Amino acid sequence: MPLWVHLERVWLCCLCCLDCLDCSNSGHLGLVPCSYLTPLLLSVCPLCFPLQAPGFGSSLIKRQTHAELHHHSPSAVNPSRASVTLSAMPLPDGNSINTAPLDKGEDTEPLIDNDPIPPQCCSARLNLAFLMFCGFSMVYGLRVNLSVAMVAMVNTTEPKPALNSSVVSACPLPPGGDNSSNSFHQPAGIPQYPWDSETQGWLLGAFFFGYLCTQIPGGYLSDHYGGSIFLGVGVLVTAFLTLLTPLAAQMGSHWLFALRVLEGIAEGVTFPAMMSMWARWAPPPERSRLITLSASGGSFGAFIVLPLTGLISQSLGWPAVFYLCGVAGCLWAVVWFIFVSDDPRTDRRISKEERDYIIKSIGSQGTSHGWSIPLLSMSMSVPLWAITITQMCSNWSYYTLLTSLPTYMDNVMHFDIKSNGFLSALPYLGGWLMSMLSGVVADSLIEREVFSITVVRKLFTLLGLMLPAAFLVAVSFAGCNHILTVTFLTLSTTLGGFTAPGVNINQIDIAPRYAGFLLGISNTFGTIPGVLAPIATGYFTEGHTMAGWMKVFWVSAGINVGGALVYTIFGSGEIQPWANTEDERAEIEKERSMSIAT
């Protein structure tokens with residue numbers, strides 16, 4: 001575009017926009033030299049600088065209104081008329097993309113919101129995300145430690161002879177191997193128990209019986225009272241109960257079963273509490289990376305604890321696993337209660353600039369929903385059902401690998417116990433890295449206005465379900481090739497991390513005020529595969545054949561594809577009408593009646 005055209009538009013901006021700029025504080029509209037205004041206008045005006053990338057930082061420009069001013073008739077350039085037009089615009093205390101959209105007329109839209117955005121580095125919201133990351137590392141460490149320690153707690157993994165001793169291994173044993181690595185000798189004085197495979201299965205599944213019970217009430221109470229107390233108490237109680245694991249095991253398997261149920265009850269409130277807190281702390285343009293950073297602590301905790309548990313059990317004895325995990329969880333809870341607040345308004349360490357930025361960007365959706373919730377509207381909400389069904393489908397393959405991967409590595413691939421622990425943990429490292437990376441990319445796409453929130457959520461969910469499904473199918477064709485099998489399984493779980501900024505955080509998009517409660521609903525249904533997937537796996541692999549394991553991987557892949565289709569068709573990233581506050585509903589009705597009247 002010729003330079004003279006730019007200069008002409010700059011001068012037009014001087015006349016039209018002067019009243020909304022800092023230089024108009026003197027209260028007059030004169031012919032201010034363009035040398036003062038040009039740098040500012042070039043940085044904020046999309047018509048003066050068409051190549052300006054939208055959506056960055058504090059350049060929150062209402063483009064339609066500005067464009068209307070640029071295309072006014074010549075009389076609009078008259079300074080007095082421009083002054084009346086611009087001064088008539090009400091400037092709200094803060095603009096939120098969570099609030100209902102206002103009328104796009106020039107008498108309701110502010111031209112520029114020039115409040116600076118505080119950097120994330122060393123900010124209170126980033127510190128909160130890091131503490132949550134450590135907390136969910138503890139949560140998953142406390143959850144999965146028994147699955148590896150169980151190998152050391154029993155004196156053999158198969159105390160009774162198998163009824164069918166003629167079963168042939170799906171893959172040949174490695175040279176010189178007799179698959180006798182199951183014996184796990186303990187230091188002197190460490191007890192071991194004669195639990196059969198059925199008892200071990202019940203003990204490993206006991207956690208989920210309790211976990212199902214507190215998801216919904218935990219989310220409801222967290223939305224009302226704030227999530228910090230529930231997240232902190234959930235980890236603290238689970239850590240304390242973990243310290244009692246050796247005592248419960250000594251008293252009998254029934255006591256240990258009851259203890260694991262109680263641990264599940266305590267942990268059930270943690271993820272809904274996290275979502276409730278981010279509904280008040282996470283500015284909408286930063287939700288993906290903040291929430292995925294927090295929740296990715298689960299994958300990181302599993303990656304660390306699975307191999308570390310085996311080493312501790314072998315060197316110090318299996319009781320040390322529960323003592324160390326329990327103490328670490330208690331210490332984290334103390335730090336959490338000291339440094340964390342439910343709301344940026346009550347945080348003592350947050351800067352005023354960051355507090356104002358968070359409050360303004362979230363708006364009225366960052367408030368408590370009170371005791372009443374629109375249950376009927378929620379039950380009929382198609383986007384909520386899309387989230388719930390998709391999370392169930394996604395969790396099917398997740399829990400299949402979580403519960404059956406060590407068995408597959410042992411019975412089919414014949415890895416020794418040390419290799420088994422590391423290889424079972426390797427996919428979680430990939431999932432952790434991918435979830436954090438995808439969260440940053442998702443926020444960047446939303447910030448740059450490349451895609452809408454709905455498109456971003458659907459895109460990452462589609463990638464996070466379809467690509468893992470493809471690699472699960474590939475595992476079934478890898479046969480007994482150790483390298484290909486480990487590679488495909490690792491890639492499947494790693495690419496599943498794409499769902500972290502997709503369906504996994506979609507509750508906060510459609511209803512921020514009810515985010516914890518909605519996560520409790522979807523997580524409750526999403527935990528059902530944790531009970532059903534191991535049963536289905538046991539049914540398919542009863543004969544320990546490769547064909548049976550192929551069915552396991554094909555079924556998981558098919559369920560993934562089904563979830564991707566459901567979410568792509570019915571998912572949404574927009575706030576639902578039933579999630580708006582009373583003031584927002586009144587404003588929407590007012591603007592609707594005004595638009596009809598005109």
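From the backbone N, Cα and C atoms, a Cβ is placed for every residue, glycine too.
When TrEMBL is compared with the stretches 202-222, 370-390, the one noted as transmembrane segment is 202-222. Restricting the average to the domain 'Major facilitator superfamily (MFS) profile' (150-575) gives a pLDDT of 84.
At the 8 Å Cβ cutoff, the transmembrane segment (320-340) and the transmembrane segment (517-540) share fewer than 3 close pairs (sequence separation 6 or more) and do not count as touching.
Between the transmembrane segment (290-308) and the transmembrane segment (483-505), three or more CB pairs separated by 6 or more residues in sequence fall under 8 Å, so the two stretches touch. Between the transmembrane segment (552-570) and the transmembrane segment (458-477), the number of CB pairs under 8 angstroms, six or more residues apart, is three or more, so the stretches are in contact. When each of 202-222, 255-278, 458-477, 483-505 is checked for Cβ pairs under 8 Å to the transmembrane segment (422-446), 483-505 comes out on top.
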